[in-house]
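**Q** One structure, pasted below without further comment.
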């Protein structure tokens, strides 16, 4: 009986330890699920990744313009290597996980789409480098409906 109790305690401690490590795991390019932060303090939270289709879902929280509310996002990742020599003779030398995601800003009326790639930087840390387009329905000038910029997202422990 004492051996069973000791074994049960060891299994419980191992399970608690493993669970704690899993929740503190930062996202990577290979497994982007988790929180990413950009230089402006916005949080890209990827909650799901369908490995069969590349579809991602999650939330986006921006301290600017969006009132610090979270908005749903949907997008795609892909890192398929071109197998056909006819399609790309030199594409196999540099492969990146490409990503695209979109946020609809609810009653604010805007939509933003980010497109980029996730690769390790010179320190070996993952970074998602993107270009974004924000389109808004209401503005004072016709030329001011589409804004463009760039963001880099880094793994966050939050």
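Including glycine, each Cβ sits where the backbone N, Cα and C put it.
Annotation source TrEMBL lists signal peptide at 1-20. Per TrEMBL, biotin binding site is recorded for 60, 71, 114, 132, 143.
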**Q** Radius 10 Å, atoms counted are CB only; among the binding-site residues 60, 132, 143, which position scores highest?
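**A** When each Cβ's neighbours within 10 Å are tallied, 60 tops the list.
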**Q** DSSP three-state call for residue 143 (biotin binding site): helix, strand or coil?
**A** helix
**Q** Give me the long-range Cβ neighbours of residue 71 (biotin binding site): same chain, 6+ apart, Cβ under 8 Å, in sequence order.
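**A** Counting only residues 6 or more apart in sequence, the Cβ neighbours of residue 71 (biotin binding site) under 8 Å are 59, 60, 61, 103, 104, 105, 106.
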**Q** Return the residues near residue 114 (biotin binding site) by Cβ distance under 8 Å, restricted to its own chain and a separation of at least 6 in sequence.
**A** 75, 99, 100, 101, 102, 130, 131, 132, 151
